[in-house]
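Student: Pulled from TrEMBL, these are the listed features:
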- 1095-1113: compositional bias 'Basic residues' (COMPBIAS)
- 1142-1151: compositional bias 'Polar residues' (COMPBIAS)
- 1090-1116: region 'Disordered' (REGION)
- 1132-1160: region 'Disordered' (REGION)
- 6-24: transmembrane segment (TRANSMEM)
- 45-62: transmembrane segment (TRANSMEM)
- 68-90: transmembrane segment (TRANSMEM)
- 268-291: transmembrane segment (TRANSMEM)
- 311-337: transmembrane segment (TRANSMEM)
- 862-880: transmembrane segment (TRANSMEM)
- 892-912: transmembrane segment (TRANSMEM)
- 941-961: transmembrane segment (TRANSMEM)
- 981-999: transmembrane segment (TRANSMEM)
- 1011-1034: transmembrane segment (TRANSMEM)
- 1054-1075: transmembrane segment (TRANSMEM)
Amino acid sequence: MGCAVILFPVLPILFIFLFFLQNNSIKTSKYNFFTFLPLNLFEQFQRIANAYFLFLLILQLIPQISSLAWFTTVVPLVLVLAVSGVKDAIDDFNRHKSDKHVNNRPVQVLINGMLKDEKWMNVQVGDIIKLENNNFVTADLLLLSSSEPHSLTYIETAELDGETNLKVKQALTVTAELGEDLQKLTEFNGEVKCEAPNNKLDKFTGTLTLRGEKYALDNEKMLLRGCTIRNTEWCFGLVIYAGPDTKLMQNSGKTTFKRTSIDRLMNVLVLVIFAFLALMCLILAIGNGIWEYDKGYYFQVYLPWAEGVNSASYSGFLMFWSYVIILNTVVPISLYVSVEIIRLGNSFYIDWDRKMYYPLNDTPAQARTTTLNEELGQIKYIFSDKTGTLTQNIMCFNKCSINGKSYGDVYDMSGQRIEINEKVDFSYNQLADPKFAFYDHSLVEAVKLSDVPTHRFFRLLSLCHTVMPEEKKEGNLVYQAQSPDEGALVTAARNFGFVFRARTPETITIVEMGETKIYKLLAILDFNNVRKRMSVIVRSPEGDLTLYCKGADTILYELLHSSCDTLKEETTEHLNEFAGEGLRTLVVAYKNLDEDYFQEWIRRHHEASTALEGREDKLSELYEEIEKDLMLLGATAIEDKLQDGVPQTIETLAKANIKIWVLTGDKQETAMNIGYSCNLLNDDMEDVFIIEGSTSDDVLNELRKKMKPDSFLDSDEINIQFEKSSKKPKIIPDEQANGVYGLVITGHSLAYALEGNLELELVRTACLCKVVICCRVTPLQKAQVVELVKKYKKAVTLAIGDGANDVSMIKTAHIGVGISGQEGMQAVLSSDFSFAQFRYLQRLLLVHGRWSYIRMCKFLKYFFYKNFAFTLVHFWYGFFSGFSAQTVYDEWFITLYNLVYTSLPVLGMSLFDQDVDDRWSMLFPQLYVPGQQNLYFNKTVFVKCMLQGIYSSLILFFIPYGAMYNTMRSDGKAIADYQSFALMAQTCLLIVVSVQIGLDTSYWTVVNQFFIWGSLSVYFAITFTMYSDGMYLIFTASFPFIGTARNTLSQPNVWLAIFLSITLCVLPVVGFRFLKAQLKPTPSDKIPSWQYEKAKKRPPPPSPKRRLRRTSTRRSGYAFSHQHGFGALIMSGRNMRPKSPFATTGTFSPNSDKHKHKGL
């Protein structure tokens, strides 16, 4: 096989050795068969509560302090570990499955002079592999040769950056000679020196040494893993980086364990509860020591101390640990089982939601993780990619202005614009693209009437571009464009009768209105980011010399002849209308050239293009010279098609107080245009600030002065706060701007703004703006921006994207969402949630996220309340039982309280409860705001639950105690015994917590009713069964409460005491909630019920249509540009295929009698 030595000069020798052991397999899974159990248990015991219950289990194994059986802790603990372990195993199994699918893809590898099929995972650095059309690129390859002229290779990078337009790569001439000759490829013996593996998708630096000669390597010669080969029969490549070292995997970022803010809060609260538990145990232990010293010492005759206890203080020490065991239910282990079940259930709701199912490609929404659902209800910042996420990356020729007349809209007799769905019929044109749609029939009529400006306009569009045509079958034209914009313009010209058919380095073949014409291509004045325009100089078959130019309006208007002033004003008005609708606009112009002048100019052009020094400047001067006094033809308007519902979704999310930042690799004009299209930016804003400084000082001044000049001052509160040294993370408080602003920052300026001394200013300025757009950013910068907001703002972030360049951002944010579609699955595989369309995001957040958050908060409030009420009765009882660690309740009730009696009602509420239904959640986005502010469960709410639990425990102990104290039955027998008191206390408790969950439930279903009434029924059934004579006779030691149920619950005064307990526990809650709704209502309280009823009766609003806006602000959307230098590539002929045999024959005539009246 071919031999290639690949060196990394900057790496240590050990690393180079390890690098060459690296194969092409990837691994995204966490465990294997042997490591699963130890690693998973290690992770689970990092959760404080699990470690705490393990500690309790050890305590229960010590006879001197154990007051409960060991199985009361070990069974729930094993259940929790098993449920979490199974869930983690299923998640990791799916990752293994995905890895196996990718690693086992086939590829042809050159081995010993023959091509052999190998699995991707067996490919190694230095291998030469063959790829064919539509193959995925296996690893990061150095392109050696291909089937195309001059070893060009066309690739699609949708998997990397979400862009579906083709890009061109070219091999070195010295390797292109290898062709597909396996013998030559086998004998290939070169040395590649290159940079270490990194995540820069657009850069590569290296050298190839072959036969003593050294050749420079750059990114234009690399095929990256994740790309797809297009329109290239075959190509050979040398593996430079494999597996995890490829740029695709380097951009995947590190998978981190994401935890919700409620998880983090629960860890803090568990520590608080531990401290509270320790305090209660200490009080009871001290009480035991005092009681044993003062009273217990005299009762040792029939209440002897335990073996080994010889002092009151030692007895108090043992009682401390006994009470730790008894009172441990203040943090029940079933809490974590229930949390996992609730999250799993709410995840299934996302998977089953038909309103988030996309039928066109059979893609349902998917919750890829089950641990982050409630975080969806707290999102404050959304970071979105543009291409493929907000847009479809499909360009449509929508409107145009020709010679002062606007086409694209249809008007009635009164001059009012009307909607029309009847497409123009292009059937007369056999070369027309059947997918092209246009609705204004007057433009076709102008073409058929041979209107000179209209013909000239479409002739320009068919000649002035860098598109490559492909016609494998006659009439079946396929355009390969460097950008979708160029393809849209050439396709429009094609459908209106000016068909770009073929090109050579010197000619362009056009079929004009059925007549084939060959134009001589004399020069391409190439595009670059400074010129913002491109021109071609052609000679027509009649011998006329013409320069055709298209570009940004702001640039071309400066180059027009003075005679165009009137037409310029009319075109400007049309441009404003187009731009106001978010369309990408271009101005087109032409100039007839003098033969003598052109010959002189082309001579100077040749000299400049071969100059060794200042070549670019000299060419630029010549371009400026000839591109003067242009004659205006008109303007084009292209729609960068948004995904369905994007503007409405963004508008709805904005009403929910969610800020949206767009992070895109596109250039500034394109990004801003999309910003206006999807309602992110609008003309009602006070200002849209553009940060484009080229130094740190420039960026600093722009950030400060444009938004908040006061931030310069030392007296600024935030500056004072951040100057103080503190180990605590520094959080920037929310600041209010004096208006609505937008911020646009370029990647170059962002690089400075992300430096340590400027990042604070960037966050402050950006967070004052309603919308932030970062353009020309790298994948790493996307992740850095997200990390910056996480660092300085106390807010939950969400990142959404569709390509591999979004993976780092998706993994960095609290929540990562992948758009699953035609652009590849790399983002989806790294995401927490996925769906097919951006518009589903509003339902994910406003419905599923909000419901999940509210349900989890209600669950936690109720769970902490019922367990404080349950556990603290033991505390009060300690003062009346000599602090002896005797339990109030029957042991069976303690075991079944959380597992049977109260588990299902709270799960029913946590899985089915809705304060409002999904339609109202969407109609009133303001209901989302409390989640962002964390209002429904926080430390204050927890303290309230704790106080309510303490109050209820006092009632639940002292009312039964008072009712039982010295009480006689109706037949004169005493019932004031421990067992009767225990039964009465536990019955009061269960009914009170059942009434409480009824008060907490907003949405009643059959399931809720069944769970609540069923749990109470099960309690009484189990109680009467366990306290029966039969159970006592069979299991005497296990069921000592013989006859207690029928003796106690048959007394009217017992039920009266139960009713009093319920009333005293519930009445304050009802009163408090009533006053709160009146004095401090929640957002849902503020929306009157009549509004809900009105919304319920109102038919759903129609989908908003774009409205025509006339605005004085013109936004250039020059976005058709090809890569700089592509014009020179065309002129050189290196990318040309053999001439199509169909390119010289006309195939239709729109003016023939057969087609004369069609389409009008």
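Note that Cβ sites are derived from N, Cα and C of the backbone, with glycine treated the same way.
TrEMBL: automatically predicted annotations, no manual curation.
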Student: With a Cβ cut-off under 8 Å, give me the same-chain residues at least six positions beyond the ends of the transmembrane segment (268-291) that come close to it.
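Tutor: Those are 48-49, 52, 312-313, 315-317, 319-321, 323-324, 327-328, 330-331, 864, 872, 875, 878-879, 882-885, 939, 942, 946, in sequence order.
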Student: Short question: most Cβ pairs under 8 Å with the transmembrane segment (941-961), which of 311-337, 862-880, 892-912, 1054-1075?
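Tutor: Looking only at 311-337, 862-880, 892-912, 1054-1075, the most contacts with the transmembrane segment (941-961) come from 862-880.
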Student: Are there 3 or more C-beta pairs under 8 Å linking the transmembrane segment (1054-1075) with the transmembrane segment (311-337), counting only pairs at least 6 apart in sequence?
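Tutor: With fewer than 3 qualifying Cβ pairs, these stretches do not touch.
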Student: For the transmembrane segment (862-880), what are the same-chain contacts with Cβ under 8 Å, counting residues 6+ beyond its ends?
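Tutor: The answer is 269, 280, 284, 287, 323, 326-327, 329-332, 335, 338, 886-889, 897-898, 902, 906, 909, 942, 945-946, 948-950, 952-954, 956-958, 961, 985, 989, 992-993, 996-997, 1000.
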